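These features come from TrEMBL:
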- B:12-35: transmembrane segment (TRANSMEM)
- B:52-257: domain 'ABC transmembrane type-1' (DOMAIN)
- B:55-75: transmembrane segment (TRANSMEM)
- B:87-107: transmembrane segment (TRANSMEM)
- B:141-160: transmembrane segment (TRANSMEM)
- B:197-219: transmembrane segment (TRANSMEM)
- B:239-258: transmembrane segment (TRANSMEM)
- B:288-314: transmembrane segment (TRANSMEM)
- B:329-535: domain 'ABC transmembrane type-1' (DOMAIN)
- B:334-353: transmembrane segment (TRANSMEM)
- B:365-388: transmembrane segment (TRANSMEM)
- B:408-428: transmembrane segment (TRANSMEM)
- B:467-484: transmembrane segment (TRANSMEM)
- B:517-535: transmembrane segment (TRANSMEM)
């Protein structure tokens, strides 16, 4: 009986495993981006090209996974939600350069790697949301440490990549010592322990728990389009910080080709599709992000928030300070 | 007992299986030895002391609350004639079917400032802002502890109730005849007799607490698990993460040893116990307190979260979701079926080896294979990658050498790694269930078939296995349900296009949109009910 059962189990395993192996005419994507954001884009790509897109939503540990898999990794295309992750993949030598006229021309110079290993797809601003009850304000990131906001700031975990990138940009601007001072100041001003998502903070402002929060621009649009969350968004103003000086901190969502991509041609086809006018329009309309491709307009809703000045500091410069940023966040015990 | 070389194969298989199961743990411990001292110093100077103290406080609180909920309810059900006793007896087990992170989410939604409870209060008393009144905050260490205890206390209830019900009542009557009152004899005799069961239950609760990932993360309570995650994924230092994981394992090992020591004292029961318990009649006020206490636990740990889930599922269910749910559901079933089957087969092999084989170390494989229960899923996932990654590379290198097609990441990149991790994690559950089933088979039945000239194989198939049928099924069912609920290991190990119900729900929860996954969450809870219904039915038939 035991033997029989064991035999049956082995048979079942042998049926399942081959399903997971790589087949022809497909492309494998490791994605930080959430399913509902990228699935519609992949569906259009598959319809156009006939290439099937397989996705793992590896929100955490993509670099570690790729390193372990080494030359046998099935990954072709890597999608990330911020610059630090792209640079991390680059620094760990997990990417390969792509020579593609299409990508070169579509993506502005400042949003692509100097060695062609990664390309930006969309830009996203780290906004400061303020309660409508504060009226129209002009604010800098530096102001968040001002004692006048004591007990009035909400944010998600300091170690979330979006906040890490912002802290890294502060290091690039002010140096480590000043940034630590700033982090301590912001921490002292928090209304509650860092928790939840960017939307959760806006909800907290709506509930009178705080007056200011950090959040990415597209979340504002998403909340306005959600029946349940519209009341939260209606309670806040979206501010573009540092307009009187260096400009608002801008991050990118980006794409790269894995070093050992087994389906290289398909991968480049997908990358080129993602910067095409059609895909960039989808990014703008469905995700309410700022497309990188020149000539593709932002959505009407996003346009209604007005034009803004973006920090021009090179993204590679900012990403260099990522590790230092995490260390400072721990040092300030920001999340505790 | 079986002697001689004839069963050498059985012996070597048992040892091999046990060693394979703990191999990933050994790999992890080894890699921890190469941790970077620099990062460790930085963590120690910044966040680590808080993480450790949070872990300790959380453990103490969860175990404390679980005992506070579990022991009184066990006493009430086993010793008193509380109203609705026959229902409460099994209703008190139901919270086990609820994953802790779900309960945490549902209660936060309910008791948050924007939730219905506080909205109602504000409406009644015309309060305008949070500063106008005080209300407890869910997302705290205590909040997380209560949430975990609400779903973990049934372990305490179940084990302690059984302990009370199987106590030798002659001892208690003797103590009373020597002048102790009912209460005194309960405190001085019954409770100490139940102490080993309490210790086992407390260690189970502790292990589950240390393995939790989603609840503490949702409540922004940073524990050692957070530190392991951060060190690995933010700092990119796997070795240091492994070292931290080893520290966590030390905590658990401490609990396991303490539990075993406590159990070693479990020998002063008589061989022919008289289990007829004299049930206490309660006065009306006592009735009210006792029944109220038990019903409150059932409502808070199961009924209320279930109702909230059902309401969400009705409000938000859509056809599109159903399709996605179907795929995740099939994946969950696949993972759980394999895990339960392998874990049960292994438990059967090792428990029978311990029982039937002549060897001084015959219980070691069984004990070794159970170690995995003490390891949180996140840590196990890391151990799987560290172990099977290199093996995959060797296989591919070999294929290249022999000019064969590349098989890809057969082990670390498929559901094999998930199933392996879950078998390692839940082997202890199957082991315990089957081993206790075997203990109930009289020793004479091991020898009788041989004396009648019946071979081992036939005696196993015709005597032992039929007697074990029910234990095998219970073991299978328990592992099946645990595998269905498991989150962190699956989250880190899943291959392409692969989501289980729990990973799908977790993603939605982390984006604060559980409403979309309420149907899936309901499914997990319903599956969790299966073993409870079966165990209850079995108990009633006895």
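Cβ coordinates are placed from backbone N, Cα and C, and glycine is handled just like the others.
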Leading contact stretch, B:12-35, B:55-75, B:197-219, B:408-428 vs the transmembrane segment (B:239-258) - CB distance under 8 Å: B:12-35
Range from B:87-107, B:408-428, B:467-484 with the greatest count of C-beta pairs under 8 A to the transmembrane segment (B:365-388): B:408-428
Any contact, the transmembrane segment (B:517-535) to the transmembrane segment (B:288-314), with at least 3 Cβ pairs under 8 A: yes
Contacting positions for the transmembrane segment (B:197-219) when only residues 6+ beyond its ends and CB under 8 Å are counted: 55, 58-59, 62-63, 66-67, 70-71, 99-101, 104-105, 108, 138-141, 143-144, 147-149, 152-153, 155-156, 158-160, 162-163, 225-226, 229, 248, 251-252, 255-256, 258-259, 262-263, 266, 373-378, 487-488, 506, 509-510
Folded-back contacts onto the transmembrane segment (B:55-75), same chain, C-beta under 8 angstroms, at least six residues removed: 88, 92, 141-142, 144-146, 148-150, 152-157, 160-161, 163-164, 198, 201-202, 205-206, 209-210, 216, 221, 223-225, 248, 251, 293-294, 297
When counting Cβ pairs under 8 Å to the transmembrane segment (B:334-353), the leader among B:87-107, B:288-314, B:408-428: B:408-428
Same-chain residues at least 6 beyond the ends of the transmembrane segment (B:408-428) whose Cβ lies under 8 Å from its Cβ atoms: 21-22, 24-25, 334-335, 338-339, 342-343, 346-347, 369-373, 375, 377, 380-381, 383-385, 388-389, 391-392, 395-396, 479, 482-483, 486, 489-490, 493-495, 498
Contacting positions for the transmembrane segment (B:87-107) when only residues 6+ beyond its ends and CB under 8 Å are counted: 73, 76-77, 138, 144, 147-148, 150-155, 157-158, 212, 214-215, 218-219, 291, 294-295, 297-298, 301-302, 304-306, 308-309, 481, 485, 487, 502, 505-506, 509, 514, 521, 524-529, 532, 535-536, 539
